[in-house]
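Please find one structure pasted underneath; my questions will follow.
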Amino acid sequence: VGFKAGVKDYKLTYYTPDYVTKDTDILAAFRVTPQPGVPPEEAGAAVAAESSTGTWTTVWTDGLTSLDRYKGRCYNIEPVAGEENQYICYVAYPLDLFEEGSVTNMFTSIVGNVFGFKALRALRLEDLRIPPAYSKTFQGPPHGIQVERDKLNKYGRPLLGCTIKPKLGLSAKNYGRAVYECLRGGLDFTKDDENVNSQPFMRWRDRFLFCAEAIFKSQAETGEIKGHYLNATAGTCEEMIKRAVFARELGAPIVMHDYLTGGFTANTSLAHYCRDNGLLLHIHRAMHAVIDRQKNHGMHFRVLAKALRLSGGDHIHAGTVVGKLEGERDITLGFVDLLRDDFVEKDRSRGIYFTQDWVSLPGVLPVASGGIHVWHMPALTEIFGDDSVLQFGGGTLGHPWGNAPGAVANRVALEACVQARNEGRDLAREGNDIIRDASKWSPELAAACEVWKEIKFEFEAMDTL
């Protein structure tokens with residue numbers, strides 16, 4: 001019959017070092033730590049097999065299809081410098097293995113069962129190359145950076161936000177008051193915390209109403225367009241869309257979603273709704289560290305960031321480099337560029353394993369949030385540039401005089417940094433002087449500078465190259 005039963009080495013079929021990758025292939029870079037005694041070729045081939053067409057034994061039905069056409073192939077293996085028995089295995093997947101426009105299906109294949117595979121001690125997906133042939137099947141972000149700036153009429157500077165704290169426990173009316181004070185003081189956005197959905201102390205509909213009132217009142221007073229990220233995340237997709245519909249009916253400019261806990265299917269549905277109805281979409285990455293914080297196992301955040309750009313979102317949290325949460329500078333800037341730019345060159349020093357061409361898929365604004373305050377403003381302005389959202393939760397609400405003065409302090413600091421940069425000053429070197437000079441003209445900023453003059457969160461990053 002030509003069918004030979006039994007178990008054979010994966011590497012006989014799935015390790016193909018001579019393979020020349022196609023422009024339509026999805027390419028993956030895995031950090032593979034094999035069990036002792038398992039050769040790297042076998043481990044790399046096993047990853048390619050188990051995440052595509054393979055199973056543990058030869059099966060009769062293999063003969064009914066063309067495996068050569070559909071199989072994943074491990075086409076290159078390189079040892080990781082400084083690590084014993086660890087390799088970067090490159091795998092190419094034919095495009096036909098994936099459903100069009102479905103991040104869910106892409107991840108089910110590439111990071112599915114294979115991560116529980118016994119022959120591997122650990123496995124981490126470091127990067128994915130999404131070919132234009134596949135990215136073109138996605139809508140992507142509902143609006144993108146340029147359209148958002150046009151909607152908000154704000155140019156030439158980062159946008160300012162603030163997460164309303166305490167994150168849980170406020171009534172809807174008091175929550176709306178906090179939103180109003182921040183927006184009136186000079187912020188562009190305020191934000192629902194990611195855990196605020198619809199709890200007994202504050203149901204979603206009440207919150208939406210009071211926040212809408214805060215938005216329109218502060219807009220009328222300041223003459224600027226304002227927004228509040230209304231968290232539409234819910235227990236079912238239907239409920240989530242219902243909340244987004246209500247936000248649109250109130251005239252709110254932006255809604256929010258927790259894309260990892262909510263799931264990619266829900267996120268893509270919401271992104272489609274947002275584009276059809278002119279809502280911006282803010283994405284929070286709650287749960288990302290469960291997946292991306294271990295260096296040897298899981299998935300790097302740059303992969304989750306690429307997946308979000310496909311699934312759809314106009315903002316996404318991307319670490320701060322300087323605040324209280326994980327993030328190394330070069331690596332963070334690597335995935336920040338992957339979110340914003342049309343074309344990103346391969347650059348291993350920034351953790352970018354593949355050249356990525358997004359072919360005019362709209363960009364996503366990175367959001368810096370978590371333990372940042374006015375003294376960080378020069379560094380943030382320099383590191384993230386204009387196309388970003390800088391979010392100060394405690395750094396606004398913790399101001400000794402209250403929310404509105406806290407917002408004023410942040411806005412004055414930001415405008416001072418942008419002006420200094422435009423005049424050609426070096427923010428990295430002169431940052432503290434720039435803030436000090438500005439605080440002479442702004443008592444609010446001076447008070448903020450005094451409160452946070454010594455606060456730092458300095459720990460070694462877990463996830464290095």
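Yeah, the Cβs are placed from backbone N, Cα and C, and that goes for glycine too.
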Where Swiss-Prot shows Asn113, Thr163, Lys167, His317, Ser369 binding substrate, which of Arg285, Arg293, Arg340 is named for the same site?
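Candidate listed by Swiss-Prot for the same site: Arg285.
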Near Lys165 (active site, proton acceptor), which of the recorded positions Lys4, Asn113, Asp193, His284, Arg285, His317 can be found within 10 Å, Cα to Cα?
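Asp193, listed in sequence order.
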In Å, rounded, how far does the Cα of His317 (substrate binding site) sit from the Cα of His284 (active site, proton acceptor)?
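Here the two Cα atoms lie 6 Å apart.
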For Arg285 (substrate binding site), which of the recorded positions Lys4, Lys191, Asp193, Glu194 has the nearest Cα in space?
Glu194
Could you list the residues of the same chain, at least six apart in sequence, whose Cβ is under 8 A from the Cβ of Lys4 (N6,N6,N6-trimethyllysine)?
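For Lys4 (N6,N6,N6-trimethyllysine), the qualifying residues are Thr58.
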Spatial neighbours of Lys167 (substrate binding site) among the recorded positions Asp193, Glu194, His284, defined as Cα within 10 A: which are they?
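Cα filter at 10 Å returns Asp193, Glu194.
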